[in-house]
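**Q** TrEMBL feature annotations, pasted as is:
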type	residues	note
DOMAIN	5-165	domain 'Glycosyltransferase 2-like'
TRANSMEM	252-271	transmembrane segment
TRANSMEM	277-295	transmembrane segment
TRANSMEM	307-331	transmembrane segment
Amino acid sequence: MIKFSVIVPVYNGKKTLAICLAAIKKQVNKQTEIIVVDDCSPQKDLKEIAERFTPRYFRLKENCGAGRVRNFGAQKAKGEWLIFIDSDVIVSGSFLKEVFKKLKLLPKNTCLQGVYGWQTPIKNVYSQYKNFYYYYNFFYRIKEEKYSYLSSHCFILQRKVFKEVGGFNRQIKTVMEDADLGFRLIQKGCCVLLDKKIVVTHLKKFSLSGLLINDAKLSFAKAKHVLRNSHKKDKERLVVVSGGRVSEMYPIVLSVLLSPVILFVLLMLIFFQNISFLYLLVLLLSVLLLLNFGFFKFIGCKKRPLYLLKVIPIFYLDMLSSFLGTMLGVVDYSLFDRKY
């Protein structure tokens, strides 16, 4: 009898799919199935790759987006529990063991959230920075086990609960479909727990432009997600904006807001060459560094301190791209009435 269904959505994941599935396959037992759902990728050899590890490969007739792909996988699942894994991650050697052990102790209406580790085999600084950023801000400094945010790279919940909340929102084709699902799960009384022992390694490779575009798109979608739920009660609104932990997210929020101010002062300094603008620029940069001291200290401890000379400029550009994405999202939502 199948008890667990591992669902792996994929789109053009030729470089990482085999690595992802191999790591999962090593840990499965007779109670576990692997389902691969291809979102109509142009890459035609994904079927051959997937079927080396599982007979349950499905290819959609048209590109539908990650949320709908996961919904399709859930429809095909036979297990009581759904384990969603992105195709560009590697699960740790004890991944399923930790999942099975944890689920035995928890009520049925619990959703388990796994974490991205900070380490990655990708050697370029942009990919490494992204892993540091995501791990530190969304997992490492979260002190409570009870979580108010959902990230689709790795999470587990009962199939019955997934169906009761309607699965992923079919109207959201790009990103933030996971945050939307997490919010609806919490509204229905489901408990989302962050388990730092359930670890996956991210294999996505970023260039500088790819990183900035990715985070601008994410901020664009996040702004719309917040605005769609702005009518909620105060407590619910906090969950939408920050996972319910404003104190843990304010450095990032303030850094995003500070980034265009720094750019403006820098341009004033270049055009007017006034020493006052230099002093102000130094002050603003100091504030930015102090706001994120914990993040930079964490990176400095894992890498050499000189590594920060590469990371800090990337961080600033990332905050600036996030600001631009947020503003575009607000404009698109408010002026053009595009809710998704």
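Heads up, the Cβ atoms here are built off N, Cα and C, so glycines get one too.
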**Q** Quickly jot the same-chain residues contacting the transmembrane segment (277-295) by Cβ under 8 Å, restricted to those at least six beyond its ends, or write none.
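**A** Tertiary neighbours of the transmembrane segment (277-295) are 132-133, 136-137, 141, 251-252, 254-255, 258-259, 261-262, 265-266, 268-269, 312, 315-316, 319.
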**Q** Short question: which residues 6 or more past the ends of the transmembrane segment (307-331) have a Cβ under 8 Å from it?
**A** 125-126, 129, 132-133, 208, 211-213, 215-224, 227, 252, 255-260, 262-263, 288-289, 292, 295-296, 299-300
**Q** Residue list, the transmembrane segment (252-271) vs rest of chain: Cβ under 8 Å, 6 or more residues beyond ends.
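**A** Same-chain contacts beyond the ends: 137, 219, 242, 277-278, 280-281, 284-285, 287-288, 291-292, 315-316, 319-320, 322-323, 326.
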